[in-house]
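Asker: Once you've had a glance at the structure underneath, I'll fire off some questions.
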Amino acid sequence: PRGRSGAGPGGAAEAPPPARRGRAAPGGAAAAPARPSSNLEEGPCGWGSCNPQVLQLCNNPKGYLAAYSLLAIFQGIVVNGLVNISISTIEKRYELNSSLTGLISASYDIAFCVLSLFVSYFGERGHKPRWLAFSAFMLGLGSLVFSLPHFSSGKYQYGSKLEDTCQTAETTFANATCSASTNSSLQKYLYVFIIGQLLLGVGGTPLFTLGTAFIDDSVPKHMSSLYIGIGYAMSLLGPAIGYVLGGQLLKVYIDIQIPKRQDTTYTMVDQDDPRWLGAWWIGFLACFFAIWLLIIPFSCFPRHLPGTAKIQAEKISETHDDGSQVLVQAHNIGKSFKDFPLALMILLRNPVLMSLIIASASEALVATGFATFLPKFIENEFGKSSSFAATLAGLVLIPAAALGQVISGILVSKCKMSCGGIIKFMISTCSVALILNTVFLFAKCGNEPFAGVSETYHGTGTLYNLTAPCNANCRCLRSMYYPVCGSDEVQYFSPCFAGCASYISNNMKKTYHNCSCIGKTKRENGSEAFLYEAVPGKCPTRCKLLPLFLAFFFFAVVFTFMATTPTTVAILRCVPDKQRSFALGVQSVFLRLLGTIPGPILFGVAIDSSCTLWDINECETKGACWVYDNKRMAFLLMGISAACKIVTIIFVIMAVYLYKPPPKTKALPRKTSDRISVIHT
């Protein structure tokens, strides 16, 4: 015998009589009169013979949930918080476009996808808490590797000393030479970021497969959704912290200390300068140390928490009635690697499971895409700074998602929903989310006037050409993007392209004058002194729809994530007990292949397709996008989101009609000591 007992992922007791192996009826479990909890290795909390009494206070589901939540929080801070908020900065620092940074984001899911089947299959019968200790180790290592490009790429060269005003002397741009070798060396750091994300994916795999299944093993069935909902909500609290923390760190200069004013190699920059880059790397380095500290608590938990055998014996099967439960129990599938193909086929042939998996993958595509690019959407659509847009996105996206997780977990737990009831509940939440998704139709903003991009230079020049007669002799560089807002309320690519010949500096704030391309002022009672003036930064947006967009999007996210916890619970209930961890592993594969891997890439391609002004350097190499067509971007994102919502609803409806609950059996009162084993056929 393998020393396993109880139904579910904990294993079925291998008592000599075959009839005693199987699911428990409502009144009890297998008829072995005295199942010692040691069969499930319900040991004390500690390390070998060192079992301090104080640690036994945490040797229960609540203690494990606290450790699980902390690890989920830090995983969320790094993967879904710091990575996403650093995307725009990494694009500019290492000269990458949105499609490549989308690949960086997707690398986490690639590793998750490759490993989840094997980790969930072998970890099912292993020591799950120690698997989570390994998870903490890899998450910390991935955070460290992701921060390494900052230390090996040298100081940020945000530009040699070039005059940003209109100059006609050829000596002005003597330093503006092609440096293709520098560009290519920076872009090679793409592979370091990908390796860091792959390590983070290795660490995240046990957390959301074995870690979640361990919760379901250790608590009564009606409490499972509440505990899982809290754990998932904590995993979403992490990105909120990551967004806020990362937003504040972006206000710190990337090399910590700005070059001194006496250093003539650099021009002075501040946060309003588009060349400003924040210290994106600090958060990853801090999380590296914090996550490794979590290895300690997970290494002290026993294989099973006290009371697991009793809880497993009292659970009632809701497995989809396709004969898989009997097949798994009769052949004891899952104890060796040779059972892997058969175990996988049993799950792939479960129509309810596959419908739920495809529905969740469709939702994941949208969720991951918005998590990656929502800050960029707010920044460009509503004219906000990168740090403020990232903070807004975090304050709306993450609390809404966490609220949806907790609300759905409470509703499923309090209402004691059956597997079929849970799936029907998901239809209603997805339908409401689809309706709220129409916010992109009426809460979109047009582009502000941009000379040479959205309009001509007051009738001169052509669209999509920054050069016009008024600045033709200025020898302006297109690689030097430093937007200014003219007194005519038109944005210009740089003071040079605005034809500004002079400026006045006051406390590092410049005011440009004698601008030949800027038309008459639109200010009331304007004097002659203001007729040719420009100030650094983009023109203030006249669009006032940001509060409306955030309000609708908040509730759209709430109802979207109200389906996440019920989906996980329904998957755990509709498969054979011994395959619950493996089912989450299969879900993870499809979730990544169909959802979170193509999600950022698809959103990145859609956003890039709405670009109207690319960063083109002296070598004519295209880099990041400076200006987007706001309306086109809004329509593309809404189209992708609505299509995925419709796919989700279709497959959830299919799951409702395909699900067949097992035959009901008459239960004995649980207070009796007699237990009867029932095999559902």
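For all residues, glycine too, the Cβ spot is worked out from N, Cα and C.
Since the structure is predicted, the reported quantities are computational estimates derived from the model, not experimental observations.
Straight out of TrEMBL:
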COMPBIAS  1-11  compositional bias 'Gly residues'
COMPBIAS  24-36  compositional bias 'Low complexity'
DOMAIN    65-657  domain 'Major facilitator superfamily (MFS) profile'
REGION    1-37  region 'Disordered'
TRANSMEM  65-87  transmembrane segment
TRANSMEM  99-119  transmembrane segment
TRANSMEM  131-151  transmembrane segment
TRANSMEM  189-214  transmembrane segment
TRANSMEM  226-245  transmembrane segment
TRANSMEM  278-301  transmembrane segment
TRANSMEM  352-374  transmembrane segment
TRANSMEM  386-413  transmembrane segment
TRANSMEM  425-443  transmembrane segment
TRANSMEM  548-572  transmembrane segment
TRANSMEM  584-607  transmembrane segment
TRANSMEM  635-659  transmembrane segment
Asker: Looking only at the recorded stretches 65-87, 189-214, 226-245, 278-301, which one has the largest tally of CB-CB distances under 8 Å to the transmembrane segment (584-607)?
Answerer: 189-214
Asker: Any chance the transmembrane segment (278-301) and the transmembrane segment (99-119) are in contact, meaning at least three CB pairs closer than 8 A with a sequence separation of 6+?
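Answerer: No, the transmembrane segment (278-301) does not contact the transmembrane segment (99-119).
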Asker: Do we see three or more Cβ pairs under 8 Å linking the transmembrane segment (635-659) and the transmembrane segment (352-374), pairs being at least 6 apart in sequence?
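Answerer: They do touch: at least three Cβ pairs between the two stretches lie under 8 Å.
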Asker: Ranking 99-119, 189-214, 386-413, 425-443 by the number of C-beta pairs under 8 Å to the transmembrane segment (131-151), which range is first?
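Answerer: Ranking 99-119, 189-214, 386-413, 425-443 by Cβ pairs under 8 Å to the transmembrane segment (131-151) puts 189-214 first.
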Asker: What parts of the chain pack near the transmembrane segment (189-214), using Cβ distances under 8 Å and only residues at least 6 beyond its ends?
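Answerer: Residues packing against the transmembrane segment (189-214) from afar: 9, 64, 68, 71-72, 75, 78-79, 83, 90, 94, 96, 100, 103-105, 107-112, 115-116, 119-120, 123-124, 126, 128-129, 131-132, 134-149, 152-153, 228, 231, 235, 568, 572, 580-581, 584-585, 588.
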Asker: Find the member of 352-374, 386-413, 425-443 that has more C-beta pairs under 8 Å to the transmembrane segment (226-245) than any other listed stretch.
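Answerer: Maximum Cβ contact count belongs to 386-413.
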Asker: So which residues does the transmembrane segment (386-413) touch in its own chain, when a touch means Cβ under 8 Å and the partner is 6 or more beyond its ends?
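Answerer: Long-range Cβ neighbours of the transmembrane segment (386-413): 81, 85, 88-89, 222-230, 232-234, 236-237, 239-240, 242-244, 246-248, 250-251, 271, 278, 367, 370-371, 374-376, 378-379, 422, 425, 429, 550, 553-555, 557-566, 569.
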Asker: Under an 8 Å Cβ to Cβ limit, what residues of the same chain, 6 or more beyond the ends of the transmembrane segment (425-443), are close to it?
Answerer: 359, 363, 408, 411-412, 417, 545, 548-549, 552-553, 555-556, 559-560, 562-563, 566-567, 570, 634-635, 637-638, 641-642, 645-646, 648-649, 652-653, 656
Asker: Tell me, roughly as an integer, the mean pLDDT over the domain 'Major facilitator superfamily (MFS) profile' (65-657).
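Answerer: A mean pLDDT of 80 is what the model gives the domain 'Major facilitator superfamily (MFS) profile' (65-657).
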